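*Asks:* Swiss-Prot lists 31-51, 60-80, 110-130, 131-151, 157-177, 185-205, 232-252, 253-273, 285-305 with the feature transmembrane segment, giving sequence analysis as the kind of evidence.
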Amino acid sequence: MAETRITADTAMNGQIEETTAWKDFLALIKVGIVYSNLITTFTGMWLAFYFSNLSFLGNLDIVLFTLAGSSLIIAGSCVINNFYDRDIDQLMQRTRTRPTVTGKIQPSQALWFGILLTALGFIMLLMTNLTAAGVGFVGVFTYVFLYTMWSKRRYTVNTIIGSVSGAVPPLIGWTAVQGSIGVEAWVLFLIMFIWQIPHFLALAIKKTEEYRAANIPMLPVVHGFEVTKRQIIIWIACLMPLPFFLGGLGLPIVILGTVLNIGWLVCGLVGYRSKNIMKWATLMFVYSLNYLTIFFVAMVVFTLFKIG
């Protein structure tokens, strides 16, 4: 796996980029997406233990099956996405070195590998309960079929559709413990669903020309920056009431969530009239990453000593 390989990046600058088999594997499964979704999966699972007064340490089998199963179905879905999108990935700077584009991994190999990972993930989730596996199926179906194969290349609402799948992980974590979806779990789902839209719209502004070259109808490509900026502000505003539904976690979490929401909204409004749209989009994108990490990690930390 440590064998060094060579990738020719000839389409843009003719330079040679060295990659390893391990690096190719991480790119194939989109390891960044796997990691970020595991944070929200773990948070959903942790809070399910918290609200049900169950022991975390006494249910390590559920913890391991949930995290392993979630990792596998997310990674498998990403591999299938790489397989399907290899024709447009070669047209975009940030995706053109993926192994499905460079030929490091053959399309058929990627497809079957993605299917295998996803199947193994479902088996792992079934070891917790049927509900968790069912929720996982909704996430996979939405991402692979409704987003990747149907809406991504056709409609500007592709971001909204894709955000459904990205909001599923905390529900997987929650249902793996409780077997049903509680109010707090739906709040986590809504936070993740709404959060993704301004997050990815900010990225779409930064990568507008790449999306245009690949003929992907992202909102800034079709309707321009002004419409996209307004949509970002509107979706951030929709986050404002959600922390108040997490009162069961304590006042500090409600305050933290509210402060994070206000901070993001203020950043958006202050920079809304900025002539440097790329600087503004970068600020919004970076803030969104910090928002997710801080808020979801804090929900675990603030309840850390209340779970056995």
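The first residue you see is number 1, and the count goes up from there.
Glycine residues also receive a Cβ, built from the backbone N, Cα and C atoms like all the rest.
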*Asks:* When you check the transmembrane segment (185-205) against the transmembrane segment (60-80), do you get at least 3 Cβ pairs under 8 Å, counting only pairs 6 or more apart in sequence?
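*Replies:* Counting Cβ pairs under 8 Å (6 or more apart in sequence), the transmembrane segment (185-205) does not reach the transmembrane segment (60-80), since there are fewer than 3.
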*Asks:* Between the stretches 31-51, 110-130, 232-252, 285-305, which wins on the count of C-beta pairs under 8 angstroms to the transmembrane segment (157-177)?
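*Replies:* Out of the listed stretches, 31-51 contacts the transmembrane segment (157-177) most.
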*Asks:* Going along the chain, which residues at least six beyond the ends of the transmembrane segment (253-273) come within the CB cut-off of under 8 Å?
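*Replies:* Contacts with the transmembrane segment (253-273): 198, 229, 232-233, 236-237, 239-240, 242-244, 246-247, 279-280, 283-284, 287-288, 291, 294-295, 298-299, 302.
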